[in-house]
Amino acid sequence: MEITNVTEYEAIAKEKLPKMVYDYYASGAEDQWTLQENRNAFARILFRPRILIDVSKIDTTTTILGFKISMPIMVAPTAMQKMAHPEGEYATARAASAAGTIMTLSSWATSSVEEVASTGPGIRFFQLYVYKNRNVVEQLVRRAERAGFKAIALTVDTPRLGRRESDIKNRFTLPPNLTLKNFEGLDLGKMDEANDSGLASYVAGQIDRTLSWKDVQWLPTITKMPILVKGVITGEDARIAVQAGAAGIIVSNHGARQLDYVPATISALEEVVKATQGRIPVFLDGGVRRGTDVFKALALGASGIFIGRPVVFSLAAEGEAGVRKVLQMLRDEFELTMALSGCRSLKEITRNHITTEWDTPRPPHPSARL
């Protein structure tokens with residue numbers, strides 16, 4: 001069967017993967033309301049396409065933190081990718097590089113920063129969890145910088161791990177042949193069996209619950225890499241992030257895996273964008289499965305989006321070729337959406353190209369003349 005959209009990879013991954021692994025990637029926290037809502041909220045945003053515009057040339061390129069990429073579609077950090085496919089993060093890194101876009105490597109990758117760098121050229125960001133032992137954090141950040149990574153995505157929504165009930169039922173733990181490669185030499189690379197989720201126990205033991213805005217200000221003292229704050233969903237925190245010197249914000253609810261009943265990221269996006277007043281770029285992850293979703297996020301003020309689950313599901317199904325195909329399909333759909341909306345470049349995508357439930361009805365615009 002020919003795959004014609006990103007969502008179709010999930011069923012193939014479910015067939016191929018052990019239940020424990022598929023459930024780890026697919027599930028959300030508790031009732032999984034936010035997991036559904038991350039998708040459903042996109043369906044409540046409709047287009048207002050502009051017609052009779054010359055769309056014979058469409059430019060999807062953009063610049064992120066000074067790096068030119070082929071499209072505003074990037075790879076989010078997802079943990080333990082070798083559970084999905086033996087090549088894991090290597091395959092994802094090569095696919096992102098071939099697509100001309102950015103890959104974010106998870107702290108909890110099954111390949112190290114050095115190994116991923118060895119796959120060849122590419123613009124890569126590093127997602128950081130802050131461990132109780134700050135020496136570990138410092139070492140890791142320095143290693144990422146030495147390996148040529150260009151930014152830190154600091155995850156700020158995980159002082160404790162969300163309650164993911166399938167991981168509890170499955171007694172989730174990292175398969176014995178794999179390690180959290182970045183921590184291997186520090187005796188933090190293995191996950192013990194637990195009475196619930198092995199990952200939840202690992203987080204409780206290792207991740208620093210005292211993490212605060214002071215740490216966002218501390219990080220630039222140990223690295224030249226810009227800091228993106230990942231996990232902001234309110235205007236209040238967006239304003240503090242700007243004051244704390246963040247280089248950007250990723251509006252994220254951790255793939256709906258942390259606190260259930262937070263809004264979909266696409267619903268929270270505009271509040272965050274308005275609060276930053278254009279001072280720093282705002283990105284989004286969570287629920288993006290179509291090129292139309294990418295356009296909607298940009299129309300609401302995002303500078304780009306990140307995809308997570310589509311990467312691990314396509315990786316499980318077809319390895320590097322699967323990830324390449326997901327990135328290509330999203331790019332093609334996004335380009336088509338731009339053309340059909342009358343936008344030739346990203347700067348032409350405006351708030352007026354969409355309508356949301358919370359919009360007030362608009363009077364006819366006086367300048368709407370030929």
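Note: Cβ is positioned from N, Cα and C throughout, glycine not excepted.
Taken verbatim from TrEMBL:
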type	residues	note
DOMAIN	1-359	domain 'FMN hydroxy acid dehydrogenase'
BINDING	Y24, Y129, R164, H254, R257	glyoxylate binding site
BINDING	77-79, S106, Q127, T155, K230, S252, 285-289, 308-309	FMN binding site
ACT_SITE	H254	active site, proton acceptor
Legend entry - Site extent for glyoxylate (largest Cα pair distance over Y24, Y129, R164, H254, R257, Å): 19
Legend entry - Pairwise CA distance, A79 (FMN binding site) versus Y24 (glyoxylate binding site), rounded so that it is a whole Å: 10
Legend entry - Inter-residue C-alpha distance, H254 (glyoxylate binding site) and Q127 (FMN binding site) (nearest angstrom): 12
Legend entry - Which listed residue (R164, K230, H254, R257, R289) has most other Cβ within 10 Å, given these are binding-site residues: K230
Inset, instruction - Grab the pLDDT values for the domain 'FMN hydroxy acid dehydrogenase' (1-359) and give me their mean, rounded. - result: 94
Inset, instruction - Out of the binding-site residues Y24, Y129, R164, R257, give me the one sitting nearest to K230 (FMN binding site) by CA distance. - result: Y129
Inset, instruction - Could you tally the C-beta atoms, other than its own, that fall within 10 angstroms of the C-beta of Y129 (glyoxylate binding site)? - result: 22
Inset, instruction - Report, in whole Å, the straight Cα-to-Cα distance of R309 (FMN binding site) from R164 (glyoxylate binding site). - result: 16
